[in-house]
Amino acid sequence: MSEPEEVLRLAGVCKVYNPGTPQETEVLHGIDLRLVRGELTALIGPSGSGKSTLLNLIGLLDSPSAGELYLQGRATRELDDRARTRLRNEAIGFVFQFHHLIPAFSVLDNVLMPLMIRHGKPDAADIERARGLLAEVGLEGFAGKKATELSGGQQQRVAIARALVTHPALLLADEPTGNLDTHTAENVFELFRRFNAQFGCAVLVVTHDPRLAAGCLRTIELVDGRIVGAPGAP
Amino acid sequence: MGGSLWLEWKIALRFLLDNYLQTLLILVGITVGCAVIVFITALVTGLQSNVIARTLGTQAHIRMLPPDEVNRVLPAPLGLLALDLENPRPQRLRSISNWQDVRDVLDRQPDILAVSPVVSGPAMGRRGVARASVALLGIDPVRYLRVVPVADDLIAGRFEIGAGHAVVGKELADDLGLDLGDKLRLDAGEGREAIVDITGIFELGVRELDARHVYLDLKQAQTLLDLPGAVTVIDTKVADIFAAEDIAVRLARLTGLKAESWMATNGELLNALRSQTMTTQMIRIFVGLSVAFGIASVLAVSVVQRTREIGILRAMGSPRGQILRVFLLQGGLLGLLGSGVGGALAWLLVQAFNRFGARLFEILVEPTLIPGAMAVATLTGVLAAAVPARRAARYDPAVAIRYV
């Protein structure tokens, strides 16, 4: 069996906030990490350990102060905003704690948004794909509804459909169940597991919930800006 | 990404509709501002063209007169300083020399529409015991009516001034008790007299002219004024009335005559019109500015309200330029919609003014006014949106997305 394709690799990534000022804080110290296709990884750690910072870096929302971040083998630190933005659209899907749909748009438009950003007016294939994903998350009847008319769990399922509509290589989830009750959280997490298997993307879930972390193939623990426990490669 | 502005339009429209109360409020503001600008522009344009039409309806645009007579002073012998005590010369009625040639030269000027030689001088009008001082105007009616359309202001009879016929003003007719067909004795002094039949009575609405002007045949007036074959003034009409002064200066140099433009003889009026134009301009600028600031502040609020959504869009790969365009489009759309409704409102106001107002004059809305105002308002909207839109585009997505 061939080696699974590498999706993400971090080499000695550091993040320093307010460099050169008295408020200088180094949040991440030399992170090495590698994620491959089909992997479902949990990122755990206490508050203030740098989880959100690491997720921002991996999601190309921020750039490291030192070290290099390779997304699908491509070095990203020197990329300009335009290139990073394009790469985000093509390779990464985001799911946030507070689902973060755009309330002014319908459920279907929300799911289609990454495709519309990519090439404007969606074609029939785009709409079919979005409807298919809505069906997969059990919301086929909600396509025309406003995002605000849905419950929290439903909104989070829409957000997952939206994150997957571009078939990203990497799916990032920031405490995706933190805002949901246990039962709903279990259902949502089940979706991550299913899509991870179905689409073969690498999934990185930041969570506080030890039971969810236990359901993942691999757990990375971040403490004071350093990875403890499981080392870089699986 | 994308190429077309499809998604930008979709998001801009959604954002505006989603916050419809805010949108409606600012639209009302833009509408009122734009209606004020369009209405006041139409009003002042109408007022001014009316005043100018009335003023120029009764006088020539440029009058060519013989140069003033001046004393000829002998130069003092070399080395001596002469102190001269001068009495200004009386300006007797004089002919324009070679006036036929001057007329032909003026006829060939492309910016002059009509040329009319006139012989003009004072006389006494008598009927029975009533007397009135009058101004005789000997004219070639075909040429003269092209310069001053007196025939349009006839209230009785015809504009017919063959030999022995005269057309007089209403005030003069009232003073001397004249009616159509009555005879008027004209006495130009030194025994030169004529009796003419009244064939027409005009009312220009300018008291001075209605009380004094007597139109005669050119030849008859020349005889009465003892200026055989002569004219004392050449009246002209120009195409561009506001170029009259420049043309007058040129004509004076060209002909060696004195050229008086309507602008020089109506300095007060011109001054009033200029200050009116300036005042209107100020009003337009300040109303336009307050509309622009209104749009800018509403969009600034909207950008803050949409912080998280902007963050989400950016996280999903929406480039900065796209966010910028979404907000610029909103500004442009607000300007376009508000000015469209405002323009329509102003148009209705003008119709109401024309129908129910004092009817002193008619306001015409120039066909370019409303489209022009809409174009300016749209551009203003886009410019006003520039600052908030730049701010939105510069949000750090990682921060914006956690904004509550």
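Any Cβ shown, glycine's included, is placed from N, Cα and C.
As given in TrEMBL:
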TRANSMEM  B:20-44  transmembrane segment
DOMAIN    B:23-246  domain 'MacB-like periplasmic core'
TRANSMEM  B:282-305  transmembrane segment
DOMAIN    B:285-397  domain 'ABC3 transporter permease C-terminal'
TRANSMEM  B:326-349  transmembrane segment
TRANSMEM  B:369-387  transmembrane segment
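By number of Cβ pairs under 8 Å, the transmembrane segment (B:20-44) is matched best by B:326-349 from the list B:282-305, B:326-349, B:369-387. When pLDDT values are averaged over the domain 'MacB-like periplasmic core' (B:23-246), the model yields 90. The helix, strand and coil residue counts that DSSP assigns across the domain 'ABC3 transporter permease C-terminal' (B:285-397) are 94 helix, 0 strand, 19 coil.
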